[in-house]
Amino acid sequence: SVGFKAGVKDYKLTYYTPDYQTKDTDILAAFRVTPQPGVPPEEAGAAVAAESSTGTWTTVWTDGLTSLDRYKGRCYHIEPVAGEESQFIAYVAYPLDLFEEGSVTNMFTSIVGNVFGFKALRALRLEDLRIPNAYVKTFQGPPHGIQVERDKLNKYGRPLLGCTIKPKLGLSAKNYGRAVYECLRGGLDFTKDDENVNSQPFMRWRDRFLFCAEALYKAQAETGEIKGHYLNATAGTCEEMIKRAVFARELGVPIVMHDYLTGGFTANTSLAHYCRDNGLLLHIHRAMHAVIDRQKNHGMHFRVLAKALRLSGGDHIHSGTVVGKLEGEREITLGFVDLLRDDFVEKDRSRGIYFTQDWVSLPGVLPVASGGIHVWHMPALTEIFGDDSVLQFGGGTLGHPWGNAPGAVANRVALEACVQARNEGRDLASEGNQIIREASKWSPELAAACEVWKE
């Protein structure tokens, strides 16, 4: 007789192990599982563990050539989701040996590569990942991190201010550079290429880089502050992307930008390594994230994409506003903002954090609040995000009735007023509007902005 029993397998026999003690080196995942009617949660959870690690649908003779116990993923705990019918959180532990060192790409291919189309599941969402210290240490992480960025820019004790140049498509390079100059001269720290500004017929990348560099040197000379413009290096090939980053470095600018989800983690990690080697800061835009993270019961939560970015590398990342035009619940957002900035984050289910995460001194990432925010939001933003953040006002700068530079002045005055008020011990949550009103008495630019965007 054959040495193994052929036939289709019951996953839960092998892959559901409720008494498993997780190891410090395991990668842990929390999945929100919605099984098909009639499929027990243990079977569904086990199926996820199997399908995202060593499993295949039937017994194969080559199983005898390896030690399943050493390499298999294990579903070690299942809990029902409160208030949801037939939804469960399945916790899966993966042995570290299943993953290539320093590759976010491989980590995702393994954990979420195949299993989301699985027939026994109606829906599946990856809510959180615990990356073990041993695996974190195989990544370079952000090119510079929060402290080094502050030192490079010589800006301390306040959030940084940015602005996306609009209209995002259609300006010539020279006019684009002019818009950049106006904003920076008015008092912003950064301006930004829109995520879909790459190298189109109306404005080729090299021309844009040149005029933006000219704009920021001029603004630096006039204001005595260090200025930056996020030059979008995203391109159709990795080689072209690096070529753009090299040109940015040759121009002597401080920062470049990348769309990390559309560009891909492999490209992003290459760019992050280049940026560290060459002293460039790296701003990350999350274009395409909502395709992955918007559905509540299927896909991947943004906190997982944020953790992945910290491993892959980036100094800034867009992370929702809590107050503007795009959705994002406050506690949940603050949860992944901490995951980006802090060195050690405690498990806290009320903030969506399923696992305690130790980043073992990997540099932090500045969260960027951007999308539909204006001067009246400034007190709330200062309070919610604190000093280590970038506040980005696109329309909230360029929509100023007097133009870009006065729009920038209004934002800078509002920010400085909020920071000063906070440092004097005032409560931004309750006195915010009053603080802005008081400041607007001294700044006609701010007064005009307050008029345009009523509270």
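Cβ coordinates come from backbone N, Cα and C, glycine included.
Per Swiss-Prot, the feature N6,N6,N6-trimethyllysine maps to LYS5.
Positions annotated as substrate binding site by Swiss-Prot: ASN114, THR164, LYS168, ARG286, HIS318, SER370. Taken residue by residue with DSSP, SER370 (substrate binding site) is part of a strand.
Under the heading active site, proton acceptor, Swiss-Prot lists LYS166 (among others). Of all Cβ atoms in the shown protein chains, 15 besides its own fall within 10 Å of the Cβ of LYS166 (active site, proton acceptor).
According to Swiss-Prot, the Mg(2+) binding site annotation covers LYS192, ASP194, GLU195, on the basis of sequence analysis. The Cβ of GLU195 (Mg(2+) binding site) has 21 neighbouring Cβ atoms from other residues within 10 Å, across all protein chains displayed.
DSSP assigns LYS192 (Mg(2+) binding site) to a strand segment in the three-state reduction. Taken from Swiss-Prot, the feature N6-carboxylysine covers LYS192, and the record attributes it to sequence analysis.
The annotation active site, proton acceptor is assigned in Swiss-Prot to HIS285 (among others) on the grounds of sequence analysis. In the three-state DSSP reading, HIS285 (active site, proton acceptor) counts as strand.
Among the features that Swiss-Prot reports, site 'Transition state stabilizer' is placed at LYS325.
In sequence order, ASP259, TYR260, LEU261, PHE302, LEU305, LEU309, ILE317, HIS318, SER319 are the residues of the chain that are 6 or more apart from ARG286 (substrate binding site) and have a CB within less than 8 Å of its CB. Every protein chain considered, the tally of other Cβ atoms within 10 Å of the Cβ of LYS192 (Mg(2+) binding site) stands at 30. Of the listed binding-site residues, namely ASN114, THR164, SER370, the sparsest CB environment within 10 A is found at ASN114.
For the substrate site listed in the record, the two most distant Cα atoms among ASN114, THR164, LYS168, ARG286, HIS318, SER370 lie 37 Å apart.
In this structure the alpha carbons, written CA, of THR164 (substrate binding site) and HIS285 (active site, proton acceptor) are 11 Å apart. Other C-beta atoms found within 10 angstroms of the C-beta of ASP194 (Mg(2+) binding site) number 18, with every protein chain shown included. Compute the center of the Cβ atoms of LYS192, ASP194, GLU195, which mark the site for Mg(2+); besides them, the chain residues with Cβ within 8 Å of that center are THR164, ILE165, LYS168, ASP193, ASN196, VAL197, TYR230, ASN232, MET257, HIS285. Of all the recorded positions given, namely LYS168, HIS285, HIS318, the one with the smallest number of surrounding CB atoms inside 10 A is LYS168.
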